[in-house]
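Q: Structure provided below as structure tokens; questions to follow.
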Amino acid sequence: MDTSTSFPSLFLPTLCTILISYIIIKYVLIWNRSSMAAFNLPPSPPKLPIIGNIHHVFSKNVNQTLWKLSKKYGPVMLIDTGAKSFLVVSSSQMAMEVLKTHQEILSTRPSNEGTKRLSYNFSDITFSPHGDHWRDMRKVFVNEFLGPKRAGWFNQVLRMEIKDVINNLSSNPLNTSINLNEMLLSLVYRVVCKFAFGKSYREEPFNGVTLKEMLDESMVVLAGSSADMFPTFGWILDKLYGWNDRLEKCFGNLDGFFEMIINEHLQSASETSEDEKDFVHSLVELSLKDPQFTKDYIKALLLNVLLGAIDTTFTTIVWAMSEIVKNTQVMQKLQTEIRSCIGRKEEVDATDLTNMAYLKMVIKETLRLHPPAPLLFPRECPSHCKIGGYDVFPGTCVVMNGWGIARDPNVWKEIPNEFYPERFENFNIDFLGNHCEMIPFGAGRRSCPGMKSATSTIEFTLVNLLYWFDWEVPSGMNNQDLDMEEDGFLVIQKKSPLFLIPIKHI
């Protein structure tokens, strides 16, 4: 073929398409400016053609970048990323409008291919639209996973696994540091999996992939694809970089893993007593009674358990231990309280924690400075509304920067960027969704249903670690030298692992 004649014939239609698209976009933008003039739009950083504000937020720590931008553009700020508009809320007052005043219309999640696929077509409680299905599924989740009849079994599992950790630490060679990240992640995996599934699957690879690898990969694909931001041509980038194949592989691994768990429970159902039945047994029984409660519904709820309960809990415990050890006066004060409340016992009991006021301050301060999910999962605006006096249009995603809100110097007047638990002595703010000054678990209808069980796990773990052991940094380090750099996107973890030396106290 003569390429000198074929190339123009291929290039000319492409050039015409680009020119026509440019003309259309130009006139649409002009029309938009004139039609939007009557509305009070939120302030926004300068945008570039096509990509919008992506260049402003393309950073390692998006939560910190958005917080810095909010200081210039205000607590209600519009960020455009291609075809998607995000309203970023960075103050407790504006968060109150979103979570309480407008919760009726701002209770639906935005959708993308990743969330749709992994949630079994929005069958779960995290990503499903607000409505009857979401209410029914949340009710099942709360009753069967978090209800009073499950509390005793949860406490028993937690106590057994903590005891195992304490025994392992006690046999640790003298003056030898341990990786608390690995230890605590393993602990939380075992607690969650044994409570929900009846046994820990962490060390049992499925199709050559570990559960941790599956969950890490799911967090990547849930973050979205190029097509989510650029519907017109983003699919080309997804194709080039294999995003769709990656999504299908991730889904296939998770689906196969859940199928295995369900089948194991179906086979053992007749041999399992009522006292021994776990979360999956309850869901399987429900599906046998109600054909509309499908196997996909079970799998969607299992994904919610794994994604919602493991990384966030483990991350918070690591941050808490990091801050406690870094601030030696906090560690001394907290250990004094813990050891005086418990006395000399062979085993710590959950009732021992009742009067530990300083412990609760330390956990509050940890969740304030280090919310596990710094950017709360977005809500989509289905109809026009006003937030902070600004017009917000349908399709806009509303994102609350919980990380920034909890560091607002207008609210947190005493050293807002420092770890100072004593601030809560005369500042009656909780993190359970009643106050918007700190919202690590969200607030309103879409708040995290497992916040109380997560808090119980964090409290009981910290108390045991600090009751049985004193903690030192490795030789050659000072406590104040602990690296507190953040890393991650959906869940913010401590970038460098926490290595500490446990010294048996009792």
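Backbone N, Cα and C atoms are what each Cβ position is placed from, and that goes for glycine too.
According to Swiss-Prot, the protein carries these features:
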- Cys448: heme binding site (BINDING)
- Asn32: N-linked glycosylation site (CARBOHYD)
- Asn63: N-linked glycosylation site (CARBOHYD)
- Asn121: N-linked glycosylation site (CARBOHYD)
- Asn168: N-linked glycosylation site (CARBOHYD)
- Asn175: N-linked glycosylation site (CARBOHYD)
- 10-30: transmembrane segment (TRANSMEM)
- 301-321: transmembrane segment (TRANSMEM)
Q: Of the recorded positions Asn63, Asn168, Asn175, Cys448, which sits closest to Asn121 (N-linked glycosylation site) by Cα distance?
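A: Out of the listed candidates, the nearest Cα belongs to Cys448.
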Q: Please report, as numbers and ranges, the same-chain residues at least 6 past the borders of the transmembrane segment (301-321) whose CB is under 8 Å from any CB of it.
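A: Same-chain contacts beyond the flanks: 118-119, 124-126, 137, 140-141, 145, 180-181, 184-185, 187-189, 192, 196-197, 211, 215, 218-219, 222, 254, 258, 261, 279-280, 283, 362-363, 366-367, 369-370, 372-373, 448, 450, 453-454, 457-458, 461-462, 465, 471, 491-494, 498, 500.
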Q: Closest to Asn63 (N-linked glycosylation site): which of the recorded positions Asn168, Asn175, Cys448, going by Cα position?
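A: Nearest listed residue in space: Cys448.
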Q: Which of Asn63, Asn121, Asn168, Asn175 (the glycosylation sites) has the most other Cβ atoms within 10 Å?
A: Asn63
Q: Between Asn175 (N-linked glycosylation site) and the residue listed as 'heme binding site', what is the CA-CA distance rounded to a whole number of Å?
A: 40
Q: In DSSP terms, helix, strand or coil for Asn168 (N-linked glycosylation site)?
A: helix
Q: In whole Å, how far does the CA atom of the residue listed as 'heme binding site' lie from that of Asn168 (N-linked glycosylation site)?
A: 32
Q: According to DSSP, does Asn175 (N-linked glycosylation site) fall in a helix, a strand, or coil?
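A: Asn175 (N-linked glycosylation site) sits in coil per DSSP, no helix or strand.
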Q: Around the residue listed as 'heme binding site', how many other CB atoms lie within 10 A of its CB?
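A: A 10 Å sphere around the Cβ of the residue listed as 'heme binding site' contains 23 other Cβ atoms.
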